[in-house]
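*Asks:* Pulled from TrEMBL, these are the listed features:
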- 7-27: transmembrane segment (TRANSMEM)
- 206-225: transmembrane segment (TRANSMEM)
- 208-418: domain '7TM-DISM receptor extracellular' (DOMAIN)
- 232-248: transmembrane segment (TRANSMEM)
- 268-288: transmembrane segment (TRANSMEM)
- 295-318: transmembrane segment (TRANSMEM)
- 330-348: transmembrane segment (TRANSMEM)
- 360-380: transmembrane segment (TRANSMEM)
- 400-418: transmembrane segment (TRANSMEM)
- 418-445: coiled coil (COILED)
- 438-517: domain 'Signal transduction histidine kinase internal region' (DOMAIN)
Amino acid sequence: MGIKNKFLITLIAFVYTIIGNSLYLMGQPVIKPITINDETKKTGLVNNSYYAISKNNNKTINQLKKLKWYMLDSASQKTDGFADTVRQFWINFNTVSTLEKDTTLILKLGGKNEETSLYEYKNKELVLLGRTGFGSRITDLSVKSDYWRVYLPIKKQRTQHFYLLISKYQYNIIYQWPYLETFDTAYKEKVDELITSPASFKNLKLWVAGFYFAVFIYCCLKYFLQRRVKSYLYCALASIWLFLRYSLQVDALVFEVNWLPWLNNDFIFLLSFIPQSIFYILFLSEFLQVRQNRFLNLFVKICLVQWLLMLIIMPVHFVWPEQSIITKIFWKYNVLPFLILLLLLSYYTRPKPNRGYLKFAFIGLVTLSAAFIFVVVPKWLYFNSYLPHWYYHLNNQYDLITLAFVVDTILFLTALAYKDRLDELERINLKIKNAENEHKILRLQMNPHFIFNCLNSINLYIEQNNSVLASNYLSKFSQLMRLSLAHSRKEKIILSEEIKTIKLYLEMETMRFKGKLKYTFEMEDTVDVDFIEIPPMLIQPYIENAVWHGLMHKKEGGEILINISQNFAKQTLLITIRDNGIGRAKAAELNSKAAEKEKSYGTLITGERIANFNKEFNTDTQIHTEDLYNDENQAIGTLVLISIHLT
């Protein structure tokens, strides 16, 4: 470009500035246009522009001319009027380009805002060039992944007049004036920030994302390789959402995420917070057994339903011009219930003597609650215009929530490990008790008196030269002893084996009582005796009690009815043992010391075995005993109902 052409452009710009701006900037210092050339790197708008404040929705050039304009300087930044009352803040400035071709600069804004619009004044009207800000529709953003900047198109060898409208500053304070910079300068600043500021929030996001990915892998391994505890599953799902959230917010060396134009930090936060909260609360509910508290369980369900509804209406974020309304709904009706739930759970998990692992959960919940109180409550106050002025000067309040989540996760993982250790110790103790009970069963599973009487009966048959009965009796006795010893070493046996043992026992007792004892065995055809498994020697002690305490005192003898059925709806096996003996009350009067001793040992051992069986296999086996009476209130027998939950 020749010297003559440069002089002509400068003269035109000067005349334009003097004549054009003086029409509505009377009394203000004359500001020269910002020169754009090959040496332009970074230029601030301070001392290079005018500003005006308006509470009305001014959008025409005639309305703007009526505003009172001031020169924008460093002192303007401290004006009190900007703090709490500004709803429209206008900046106008001129540029003159000496370049040989068109270019684009970045207009960098000095803070988050709900809406910022860039206009160019040409052909006597304002032409919208770009829009950004948290209150803008995603599809209208000038720079899709960032609401901190807009693009400024610069035409070659031309003077241009721009207006910048900043509406509703989110923090209600302007702590840095906008400035122009090239893409190379912006990229270099980003790289320098990452290199020289290792503790910056963007790097914190990177570390946090890596932390939650490690937590996700750990919880998945614990869930799939161990006992599939749901607490680990929900923890893994919450962690993967946190990993995705912080990963998408890491800029690293990428200047702009053009492949996901709708992803800005606040949208990522809004979208990820809800599923993250759902899985986090499900994790807390499972780990802390919240279902045991009726009120807390109801509140958790209400919060979950509310978050699911919010997740459904989140697509409005794409199309609704008033995004701030969605944001207000989010903070008031989703984050605040989350905070209330944290406080309730903090009280619920206060340390208890028999649940030492809860102290870690308590500290984690209190830490997270304190962080949310510091950030969420001021947000709520902001939307109601009560937020104190000092809060706006704090940067990166979300850092506190991020760090609180990390601390909370570490403490809950510690609590999970603590609880796993307690569960493991409980399982070890349970196995020790089972081993002890197994030894007791080996010693006490057969009534010593029964064995003694069996041997006497065999001896009597031999003395009477009744070798057939003696051989038959001895054969049944040996079979019964062999089955008892074989079953005592197993945790479960099939139902047919237990029935075989019971029938052998009843046949021997029938032979010994010489016809005074009768028994009836009933079983539904739908019961699969070769598939169903039950604890060994579970039924025999109750049949033995029926014989010795119900029927032995009746001269005419009695009858025992055994019925086996299956409830498919409740997945339970029902075993009924009914005798027509003298009843438990009469037997207590006539019992012998030996019989009472056997009753105490037999029922006690069986009760302990059922309790341990329920714990180890997570079943619900129950024993119910009932005395039977006739219409005259006379005892006519005893009923025992054994209910075994089939897994």
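Every residue gets a Cβ built from N, Cα and C, even glycine.
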*Asks:* How does the model score the domain '7TM-DISM receptor extracellular' (208-418) in terms of mean pLDDT?
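*Replies:* It averages 73.
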*Asks:* Residues sitting near the transmembrane segment (206-225): Cβ under 8 Å, six or more positions beyond its termini, same chain?
*Replies:* 232-233, 235-236, 239-240, 242-243, 246-247, 250, 252, 402, 405-406, 409, 413
*Asks:* Per DSSP, what is the residue tally for the domain 'Signal transduction histidine kinase internal region' (438-517) in helix, strand and coil?
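*Replies:* Grouping H, G, I as helix and E, B as strand yields 62 helix, 3 strand, 15 coil.
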